[in-house]
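The structure under discussion appears below in the form of structure tokens.
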Amino acid sequence: MQNERRIAQRFLEDKQLPYSSNELITMALTHPSYAQEKNTVANNQRLEFLGDAVLNLVVAEYLYNHYGRKAEGELTKIRAKVVCEDALAIFARNINLGQYLLLGRGEEMSGGRKRKSILADAVEAVIGAIYLDQGLETVQRFIIRQLEELISETASGDYYDYKSKLQELVQARDKENVSYAIIEESGPAHAKVFVAGVYYREQLLATGEGKSKKEAEQKAAQKVLQDNLVPGT
């Protein structure tokens, strides 16, 4: 149990999250396969259940407060896109959640750290843990910090997830992943410009520029798709 607690502690410190105890985060990072293998009761499924409800509440309240002119039906569609499995898997990747997960050997060997369903479930479990440990205000900041840009893009109708589409195409061919890195950053603090590169097996496929790291990565993935640079095509 000591090793599990150390991993949870590292996650909390790396993400600069306040906490009173790391017990809940340890549970949030524990996939059922690990709990079964180690013969422990605590896994992240109950926290996932709670986190799902908290996530929907936080996003719904944010939409209600920031998009007063949109009708109920529009708000429901926006929320659905923002809290779907694909969006939550991106959330998880943006905070490198996969590297902290406690997985059973079978899940580990089959690529569970990169599996969308596992990542999305773990995000919800972490949200549930933060809510129980620190309350609604803290978990609101954690969620909105990661989803605000996606909410804005989705609400404006401009959002298309090029990164997920590219990843799906690559994995369908050879089960590999593409990766992203910021290769240039310029401009003053209030008007930064980022250049991101998208890589496959350490080879640069394309670059993209944006006002945020996420936008630059999306632009890089978009260029790969539009210029037909997908590996294996």
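Note that Cβ sites are derived from N, Cα and C of the backbone, with glycine treated the same way.
For Asp52 (active site), the same-chain residues lying six or more positions away in sequence with a CB closer than 8 A to its CB are Glu124, Gly128. Marked as active site by Swiss-Prot: Asp52 (among others).
Mapped onto three states, the DSSP output places Glu124 (active site) in helix. Here Swiss-Prot flags Glu124 (among others) as active site, drawing on sequence analysis.
Under the heading Mg(2+) binding site, Swiss-Prot lists Glu48, Asp121, Glu124, citing sequence analysis as support.
Taken from Swiss-Prot, the feature domain 'RNase III' applies to 8-135.
Taken from Swiss-Prot, the feature domain 'DRBM' covers 161-230, and the record attributes it to sequence analysis.
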Determine which residues of the same chain, besides Glu48, Asp121, Glu124, have their CB within 8 A of the center of the CB atoms at the recorded Mg(2+) site, and list them by sequence.
Asn44, Gln45, Leu47, Phe49, Gly51, Asp52, Ala120, Ala122, Val123, Ala125, Gly128
